[in-house]
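Features of the protein shown, as given by TrEMBL:
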- Asp6, Val7, Gly8, Asn9, Thr10, Thr11, Thr12, Val13, Thr132: ATP binding site (BINDING)
- Gly107, Ala108, Asp109, Arg110, Thr183: substrate binding site (BINDING)
- Asp109: active site, proton acceptor (ACT_SITE)
- Asp129: K(+) binding site (BINDING)
Amino acid sequence: MLLLADVGNTTTVFGLDSGSKIEAVWRLPSLRLETEDELFVILEGLLRYEQASLSSIKGLCVASVVPRLNSTIDYFARKYLLEPAMFVKADRFVSVDLETDNPSEIGADRLANVMGAKECYGANVIVVDVGTAITIDIVMDGAFAGGAILPGPETAMSALFSRTAKLPEVELFFEDHYFGTSTEDNLRIGIVNGTYFALQGIISEIEKQFDVKPKIVGTGGKARLFITEDGFIEMDDPYLTLKGIRSYYNRVKSFEKNITDQSLD
């Protein structure tokens with residue numbers, strides 16, 4: 001078994017992978033991952049519920065956008081899995097060419113997204129990952145061509161709530177109308193529907209620029225806010241980032257095995 005981790009600003013997603021299938025997924029507040037021992041207690045209990053244990057875990061691969069948590073996760077792996085954690089980064093093990101100005105600046109979650117997208121959906125894919133931030137990741141002809149970053153819906157709502165005197169926090173969902181008669185409606189339409197049309201417009205222009213009709217895949221904890229029956233997002237793949245992390249791990253291990261085999265020849 002392999003343990004996968006997508007460490008985000010708000011939520012960390014752990015996946016238990018059997019090699020061909022993600023068997024279980026757990027979402028934890030990233031704030032809870034303060035020490036390696038706390039992480040051990042949490043994961044040991046979750047694994048026990050799945051009739052597994054840390055002794056059955058062969059490794060931990062991580063895509064993290066929260067640098068301060070990396071040492072905690074690595075300490076956990078060294079102490080309880082007896083080997084260091086593997087962190088996704090922009091190196092030769094990424095299975096897509098990175099056609100950006102500075103590949104080292106690309107978030108590990110975005111690297112995992114484009115690897116998972118290429119592996120699962122082909123050479124022309126746009127990934128819309130909705131979390132604290134919304135990232136649009138473009139895979140064209142099998143290469144990462146860039147994208148865009150927007151504030152996530154809850155981030156936008158928190159900013160309005162914290163910077164205004166009277167606007168409330170509201171439950172977010174896609175409204176079936178485009179103007180409201182209450183403050184709550186107005187906020188939902190502006191935040192959710194407004195972001196929906198911003199995403200749709202950006203993606204439409206991307207398609208025109210590349211003259212390609214790629215597959216549009218949604219992922220992330222809030223992607224379902226923007227998935228409608230006749231919408232531009234064609235499919236929801238909540239485990240896409242984890243699949244990309246697994247792909248990275250497998251590529252590194254395959255390379256290490258080849259080096260070992262060559263040294264034995």
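Quick reminder: no glycine exception, Cβ is built from N, Cα and C everywhere.
For the binding-site residues Ala108, Asp109, Asp129, Thr183, a Cα to Cα distance of within 10 angstroms from Asp6 (ATP binding site) holds for Ala108, Asp109. Counting in whole angstrom, the residue listed as 'K(+) binding site' lies 9 from Arg110 (substrate binding site) by their C-alpha atoms.
Here the candidates are the binding-site residues Gly8, Thr10, Thr12, and by Cα distance the one nearest Ala108 (substrate binding site) turns out to be Gly8. The full span of the recorded substrate binding residues, Gly107, Ala108, Asp109, Arg110, Thr183, taken as their largest Cα to Cα distance, is 38 Å. Here the C-alpha separation of Thr12 (ATP binding site) and Thr183 (substrate binding site) works out to 32 Å. For the ATP site, whose binding residues are given in the record as Asp6, Val7, Gly8, Asn9, Thr10, Thr11, Thr12, Val13, Thr132, the maximum C-alpha distance rounds to 13 Å. Sitting within 8 Å of the Cβ centre of Asp6, Val7, Gly8, Asn9, Thr10, Thr11, Thr12, Val13, Thr132, and not among those site residues for ATP, are the Cβ atoms of Ser30, Val65, Val66, Gly131, Gly221.
When the Cα of Asp109 (substrate binding site) is compared against those of the binding-site residues Gly8, Thr10, Thr132, the shortest separation belongs to Gly8.
Sequence-distant neighbours of Thr183 (substrate binding site) (same chain, six or more apart, CB under 8 Å from its CB) are Leu167, Pro168, listed in sequence order. Taking Gly8, Thr10, Thr132 as the binding-site residues under consideration, the smallest Cα distance to Arg110 (substrate binding site) is found for Gly8.
Residue pair Thr132 (ATP binding site) / Gly107 (substrate binding site) shows a Cα separation of 13 Å. If you take the C-beta of Gly107 (substrate binding site) and look for same-chain residues 6 or more apart in sequence within under 8 angstroms, you find Val65, Thr135. Long-range Cβ contacts of Thr10 (ATP binding site) within its own chain (separation 6+, distance under 8 Å): Pro29, Ser30, Gly131, Thr132, Glu154.
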